[in-house]
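Enquirer: Sharing a structure, written as structure tokens. Questions coming.
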Amino acid sequence: MTPDPSFRHYNASDIDQIAAIEERVQVTPWPRSMFIEPLEYHRYFGFVLECETEIVGFYIAEFIAGEATLHNVAVKPAFQGRGLGKHLLQHLIEQCRDRKAEQLFLEVRESNTTARGLYESFGFEQVGLRKDYYRAAWGKENGLVLAKAF
């Protein structure tokens, strides 16, 4: 059983742990430097999800001109399948509502049916297609652009 998760803004001291999660779960992980930039600009917001004192997930999003965009989200492999992705997404949606966002956008690999199902369960709908957007083991893969209106 997973202890009650808690959220807090991520900070520079969290970057190594966040980058380690990213390396384990993403096909094309962000370089470490990509986690520093959101700390430097107010339009970005990022949170870590902790169980006890262990970082088990995170997300990074951007808010500008009434729209929010989810740029990155991940759950540590040992904690996947426990509903923590739902916690991350629910927290993100609450943060968007607090900021008075009109819409929340994200991109997801066409093959990532688990994530797509989660997003659809929260009311996201496909609004676009980015052909050959992601690198994949077999070449390139489409990215689906999803949106949720508030």
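The backbone N, Cα and C atoms fix where each Cβ goes, glycine too.
A TrEMBL annotation is a machine prediction, not a hand-curated record.
The domain 'N-acetyltransferase' annotation in TrEMBL covers 5-150. As annotated by TrEMBL, acetyl-CoA binding site applies to VAL73, ALA74, VAL75, ASN112. Residues annotated as active site, proton acceptor in TrEMBL: GLU107. For TYR119, the entry in TrEMBL reads active site, proton donor.
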Enquirer: If you average per-residue pLDDT over the domain 'N-acetyltransferase' (5-150), what number do you get?
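Expert: PLDDT averaged over the stretch: 96.
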Enquirer: Once the DSSP letters are reduced so that anything not helix or strand counts as coil, what is GLU107 (active site, proton acceptor)?
Expert: strand
